[in-house]
């Protein structure tokens, strides 16, 4: 768990904008350092070793379908000239709200163009949770179609990584792109056997798929991940904390 975990509905975001409420979400954006209404972006460094950072801030939003809360960071990945791995975000200390920050990714070379055959980890949730995960995928593809992008398909390894991260966040009551073991989204996807992750959105407190998607789509950074036409694969994970707070993770990949 991060040293200073966000409150029940907190998140990470770049460029502060306050909106009424307390829900949380965060994003990793493919190819952009974006973050406005509901998220901040952490860019993937290029192979020359340059880092991209984010300003620290928090914002809030009210959502009739899912409650209220604050959203947070967008973890972004930029495409390097040779397709280097993305940067991992570092948790930002804060007494009451989570704040965004960025860290660099390892300097190792990118994974092969195809994902490995290692099975994904992460237990599946209840039938209701699985239905909610599938609904997020459905709404995502509706939004992509409206924007002229092709549909993304569920990759079981990417979904396994997303579920594990949601479970980890729920167990530690901490919304973050950084796992309790210090892992980045890219490391977690590779552990699950998928080496082509390009973006991650996370959120806390939204009670329904429609609510969390509305929150993400009203954030420039999160929306950029969802409407990244380079994405071909998706994995969604939902888990509940002991107090009932839902934690969502949405991961995107460039290879089905």
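Placement of Cβ uses the backbone N, Cα and C atoms for every residue, glycine included.
Quick look at what TrEMBL lists:
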TRANSMEM  21-43  transmembrane segment
REGION    45-135  region 'Disordered'
COMPBIAS  83-94  compositional bias 'Pro residues'
COMPBIAS  95-119  compositional bias 'Low complexity'
COMPBIAS  120-131  compositional bias 'Polar residues'
DOMAIN    131-253  domain 'SCP'
REGION    167-189  region 'Disordered'
COMPBIAS  172-187  compositional bias 'Polar residues'
Discussion item. I'd like the per-state residue tally for the compositional bias 'Polar residues' (172-187) from DSSP, helix first, then strand, then coil.
Written reply: 4 helix, 0 strand, 12 coil
Worksheet entry | Tally of residues which DSSP labels helix, strand or coil - the domain 'SCP' (131-253) | 56 helix, 26 strand, 41 coil
